[in-house]
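Features of the protein shown, as given by TrEMBL:
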type	residues	note
TRANSMEM	34-63	transmembrane segment
TRANSMEM	112-137	transmembrane segment
TRANSMEM	157-178	transmembrane segment
TRANSMEM	185-207	transmembrane segment
TRANSMEM	213-235	transmembrane segment
TRANSMEM	300-318	transmembrane segment
TRANSMEM	339-359	transmembrane segment
TRANSMEM	379-401	transmembrane segment
TRANSMEM	408-427	transmembrane segment
TRANSMEM	433-457	transmembrane segment
TRANSMEM	469-493	transmembrane segment
TRANSMEM	499-518	transmembrane segment
Amino acid sequence: MDRTQLTIFQCGTLFHLSNSPLSDKKTMSRSVSISALFVAIAMILGRLTGLLRVLGLATVLGVSYANDLAVLIISVPDFLNSMLIGGAMAAVLVPEIHRRNQADSGQTASQLIVQTMVVVAAISGILALILAALAPWFTQGLASGFSVAQISQASPLIVVVLWAFPISAVTAVTGAVLQSQHKPLVPAYGNLFFNLIVILAILFWVNADQLQILAWAVVAAAVFRLVTQMVPCLFQGTLRGGLQNLLKFETLDRRLLVKYFQALTAIGLVIAFPVVSRSFASAYTGGISLFEYAQKLVELPRGLLGAILTMVIFPRLSHAFAEGKSADGSRMISQASGLILLISIPVTVVIYGCAEPMISFLFQRGQFSAYDVARTAELLQIAILAMPALIMSILTMDVFYARHETMIPFRFSLISLVCLVVFSLILRTFMGISGVMLAFVLTSWFHFLMLTVGLYLKMRVSVIEGVNLKHCAALVLLTFSGITFSAMMLRVITEPVMLVIYSGFVGLFCFGAVLVILKNHLPRFHRKLSL
């Protein structure tokens, strides 16, 4: 009888290395499921504290210019990191580390990691200095609706938070390294650590006249987040030997750099979608605040599932493709897609139906008025329509990057960004700030559809295996039927508690309907629901 060897992965996960292919598949599924569970818990805590951060700002500053400025202060370093460094770093570095670990003893991979840290720190530091020197123009780009006086007040605060950019950039490298080692839990807690420090500053020191304290709190939070990731990297030995031949940059070959800049541009353009929309929204009083409140509630479920895809599924997906196990990779894609649709469609319908009671419960206190509740709820009902497309776009882009294909996502992201600007200019003329949000929703769906078609035409990979046009049409019809029913329900029911209850029933119906539509085509995914 063959003996099964057990290798302990992160968080106590057991990954079986057996001669039986069936055993390999089952234990791989359990490994992914348990890892996803722990990462989900970490991300839930991170997203909840992010929501608490927004609630704190809403209570202290309401919907005002001061809150618009506070939102910019908090978001600038992570926005720059995500756009210029972060997402592309994981998309390129994780598959490359796997490839080099397969090829040699790992020393070349360690050299790659250390050299990447040095280069990223240097480049991001130089960029931060340039942006600091051009702070008024940079601030105007982030908030094109601000007046000259408002830009003059905001620019010094933006200069302070730019210190956090190179720190966050190096954190992106350490996070990618930990993901490549199947240790996603520590990076998953990064947002929690960051948000807790910022929340403490908001609760005890921040007011409309003390926003500089918030700027320095962001820098301190970025430093703490880096330390929490650097320590496990050192203890795991992933940097051992990396200082040898540090200045010999042949490790950073031209092929890797080209792929990185392609992925960087593609992901950076996607990250820029809400930033561009927020810049259009800044033309309206409190527009950035309203846009941020609505987006934050969309980001909670979207960020949770997106983080699981990036931190758990993507490293295993790239590993499967690197070893030539295309069938395992396709199976993982289908299971992830089914999970996304099973969760995102009901959640979209539920949030659309009870948007105003939800906003009132979360935000209506302090400086946040009933009028602000109504305006935010209107934007949330529009924004939530983009959630399935936003999450599915993360998955499709991860598939491209796991197969070392970066040019197609770049082209599609560039086209989508142009469409976003055009849609925003047209729709805001007729609908105001609601038109800006609708432009964001339309662009998100357009981007996802282009990625899905490109994935099938280029790589013959379906987002969900076995689901044909008839079933896709059924899913679309189900979503629009749920939204339509919720809209009619809002005209009849005004009691907040009843709205929440009825919305919950509609969401449960959609959950069951999605499961019925998909289960015959995803038997493996159907079995995973019982794990």
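Even glycines carry a Cβ here, placed using N, Cα and C.
Note that the structure is a prediction, hence the values are computed from the model and not measured.
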- Do the transmembrane segment (379-401) and the transmembrane segment (34-63) share at least 3 Cβ pairs under 8 Å, sequence separation 6 or more? no
- Tertiary contacts of the transmembrane segment (499-518), as residues 6+ beyond its ends and Cβ separation under 8 Å: 338, 341-342, 345-347, 349-354, 356-358, 464, 467, 471, 474-475, 478-479, 482, 485-486, 489-490, 493, 525-526
- Task: Compare 34-63, 185-207, 408-427, 433-457, 469-493 by their Cβ pairs under 8 Å to the transmembrane segment (339-359) and return the stretch that comes out on top.
- Result: 469-493
- Sort out for me which stretch, of 34-63, 112-137, 408-427, has the most Cβ pairs below 8 angstroms to the transmembrane segment (185-207). 34-63
- Message: Cβ under 8 Å, sequence separation of at least 6 from the ends of the transmembrane segment (408-427): give me the contacting residues as numbers and ranges.
- Response: 262-263, 265-267, 269-270, 272-273, 276-277, 280, 397, 400-401, 435-436, 438-440, 442-443, 446-447, 450-451, 454, 458
